[in-house]
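Trainee: If you scroll down you'll find the structure; I have some questions about it.
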Ligand SMILES: Nc1ncnc2c1ncn2[C@@H]1O[C@H](COP(=O)(O)OP(=O)(O)OP(=O)(O)O)[C@@H](O)[C@H]1O
């Protein structure tokens, strides 16, 4: 009947893929590490996160994610799945980091059967179908975690996600040893949103205007800002969902807006990824084509590094 429901709703092929993964789970390919009395046994060499090298201009996100993942992987007996909530302006690296984290656990990253990306507007577009989405999503999560305890679920556009969908995920995020015979404690849930991006930008700008270094911004400078603007804001999806009240989010990860120098770093990284030599003239040209705000100071790229790849095609 699950299959019938799916065909009725015309779900995109990526969700079909997940459904098929469910029918044919291959648990042997999944486990990242398993516990033998007294020690953890790695089943493949974990890819180093390398966030310091790969992720530009995000000292806070780098620090929090490294801490979160290290703690989680070293914990033999986690009491709940790891839940990360990534916040920030467009194109600042939230999807990029999620992929790095996923690859760290499952080398094929997004292509792995154990990594699932959901985009609110793409996968859950119709409000009147919320009940159906809820049932199917729960089935997928349950099936996939039964097949692979360390499954990774990424929810993009969290701020556009219907509260009903968040309600459907909530039981999996909680401190239960098992739900219907399945333990979710080794899974990872990553939520991405732009919520709070404006407030994070304001803090970064205040530092810049005061002549203070970006790298001196600390988590404690952002926590009060986010807590008022996002967590206690009745209009934010996160507040309505009750995820915060129940302390189901382990780490809030702020992404700072990217500056001109970071955009240049993205261009260079993209050139290297394409196997080309880094041409500084082109780097400068691409970076100068981006638009920067605020109007007077022009410090931050309004799309972060998002359009770098397509712009590079023109040079
Ligand atoms: N901080 C960064 N360091 C290195 N590369 C970056 C960074 N931010 C963005 N990029 C590059 O730009 C591309 C687009 O960024 P990404 O999709 O991660 O943005 P996002 O924060 O998820 O944006 P949105 O909120 O609009 O979804 C990435 O694939 C990556 O190549």
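Numbers here mean position along the shown chain, with the first residue as 1.
From the backbone N, Cα and C atoms, a Cβ is placed for every residue, glycine too.
TrEMBL entries are annotated by machine, without manual review.
Bear in mind that the values here come from a model prediction, so they are computed numbers and not experimental data.
Taken from TrEMBL, the feature ATP binding site covers 88, 89, 90, 91, 92, 93, 94, 95. For 258-314, the entry in TrEMBL reads domain 'Torsin-1A C-terminal'.
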Trainee: Of 89, 91, 94, 95, which binding-site residues come close to ligand 1, meaning Cβ under 6 Å from one of its atoms?
Mentor: 91, 94, 95
Trainee: Let's see if you can do this one: DSSP helix, strand and coil counts over the domain 'Torsin-1A C-terminal' (258-314), in that order.
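Mentor: Residue counts in helix, strand and coil order: 29 helix, 5 strand, 23 coil.
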Trainee: Considering the binding-site residues 92, 95, which residue's Cβ sits among the greatest number of other Cβ atoms within 10 Å?
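Mentor: Of 92, 95, the one with the most crowded Cβ is 92.
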